[in-house]
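What follows is one structure encoded as structure tokens, with my remarks underneath.
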Amino acid sequence: MPSTNDDDFVTEQDTPPKEHHHSLPFACTDGPATPLLPPEPTAMQTIAGVMGNVLEWYDFALFGFFSDVIAEVFFPPSANGGEVVVMQDDGIGYGGEISFEVEGERDTRNLIRSFAVYGAAFLSRPLGGLFIGYIGDRQGRKQALVLSLFLMAFPTFLMGCLPTYEQIGGWSTTMLMGCRLLQGMSVGGQLPASLIYTVETKPKNRWGFYGSLVMMASNVGTLCGNLVGALLRTVLTEEQLYSWGWRIPFLSGILIAFVGVYLRYYGEDMNPNAHDDEDNDDEKEDHHWREVFKKENLPALGSATFTPMLWGAGFYTTFVWMAIFMGVLADPPKQHGFWINAMSLLCGLILPLPLAGMLSDYVGRFKVMTCGAIGLAIVGPIGMMVIASGSEMDAFFAQCTIGVFLALFGAPMNAWLVEKFPPKIRLTSAALGYDLASCSASAFSPLVATLLVRDLGPKSPGAIYPVFAVMAFVGMFMSTKIRKEVEPDDYHLASPNMELGEVKPKSTIV
């Protein structure tokens, strides 16, 4: 990051964090300030937190990997003035994938409707982020995380119980939409809550690594959804999959509730506002929202909105929509599209994530994210062309390459987001920015990619990568204009090597 000439701003994007400290508030006392250090989580609490993140994203990702089935189960039969011919593609595998043709052309209308419902869930994410983020900032990180887990478990389970369009008509589509909106609210607060719950008790010079582990866990959940989709398409016939098989993964979504119960009773909490009890509730609430939307915080909110757009659009295009593209939309379809997608997700994204996060702790967030963004802008369109026209092995290596650059961008991004906001409003602000990015970029990237394939050809979705890379650089530039004045109750940071009561001097940081 080129340094600014404005003396009012200090930027440290080009250098890694040098101080070994936690980001924790200090209690206000008459004597020396004492850091409010939360107890270290036990191994079981850490495992429960990771499992909650995995299952949360498993639940949320299922819809994307079963979008072609949902397109036929929850929407009216497609017809365009002629008979819809359902053709078995025996060579595609996993149970006999089906394609739909109307008057000689592939019919994608129900698939487009399905992706529209998929994207609608992202529209409720900012609301969930504000609500759950507020709870996390005011009542504690654990309360926010537990609420988000329960808010995901029950609508996912209900989706597995919904009647089909054939049984009750359009009401099935309406109920499906309702369940997805609740899922969106849940995930809107879950990732920021899980991220901040994880990193705030860790040394700040390791935030890149620990933040990448949160991202890694969420992608393991997505991988589990992918594997379940591939497995059911392999072991079930097409009739079994469309009649009852699709319900199994959604019914299993209730498992996340057990993790929520464990964390509710045994998880340790961290509340950055616990020492503010002298204020009444109304005053605290008003002050909280004023802090979130004050003028000085707006550049950070804008940066946290624009920058994650590349991760959201890139991920959902590459590792959610791509499975459907290879199995349904590609011509000819890839025989093992879902398995290719799963192995690419594992090898190209999940495994490199902690390495990229660790790298950002040593060389700086901005440098690693810049490398990832430039790589996606260049390699993304090329990789899409290879996947659309190459062999299965070519598709695997192309997807893996895109995934590596996504890891370089996404792994440091988690710590980068957390570092932009003070602890008292950190969860609300980070959730709001990230969720605004999700509802504008992540939400409809599969829908846009499907429309591009229909109207411009199978290689055209590659344009998504450079467009959102530009948006990411806009956000990263905005981050250079963030001015944070360190305050005694917000920004004093405790180092593992500091004695209790020792207070670090004030400074201006970015």
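Glycine residues also receive a Cβ, built from the backbone N, Cα and C atoms like all the rest.
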Segment assigned the feature region 'Disordered' in TrEMBL (from 1-37, 75-111): 1-37
Overall pLDDT for the domain 'Major facilitator superfamily (MFS) profile' (45-487), taken as the rounded mean: 80
The transmembrane segment (336-356) in contact with the transmembrane segment (396-418), cutoff 8 A, at least 3 CB pairs, sep 6+: yes
Per Cβ pairs under 8 Å, the stretch of 209-232, 244-263, 309-330, 396-418, 430-451 packing most closely against the transmembrane segment (144-165): 244-263
Same-chain residues near the transmembrane segment (244-263), Cβ under 8 Å, at least 6 residues beyond its ends: 44-45, 48-49, 51-52, 55-56, 58-59, 62, 66, 69-70, 73, 142, 145-146, 149-150, 152-154, 156-157, 159-161, 225, 228-229, 232, 236
Residue numbers, six or more beyond the limits of the transmembrane segment (309-330), whose CB comes under 8 Å of its CB atoms: 61, 64-65, 67-68, 92, 94, 97, 99, 106, 108, 111, 115, 219, 222, 226, 229, 337-338, 340-342, 344-345, 349, 373, 376, 380, 387-388, 395, 399, 402-403, 406, 409-410, 413, 437-438, 440-442, 445-446, 449-450, 453, 458, 461, 464-465, 468-469, 471-472, 475
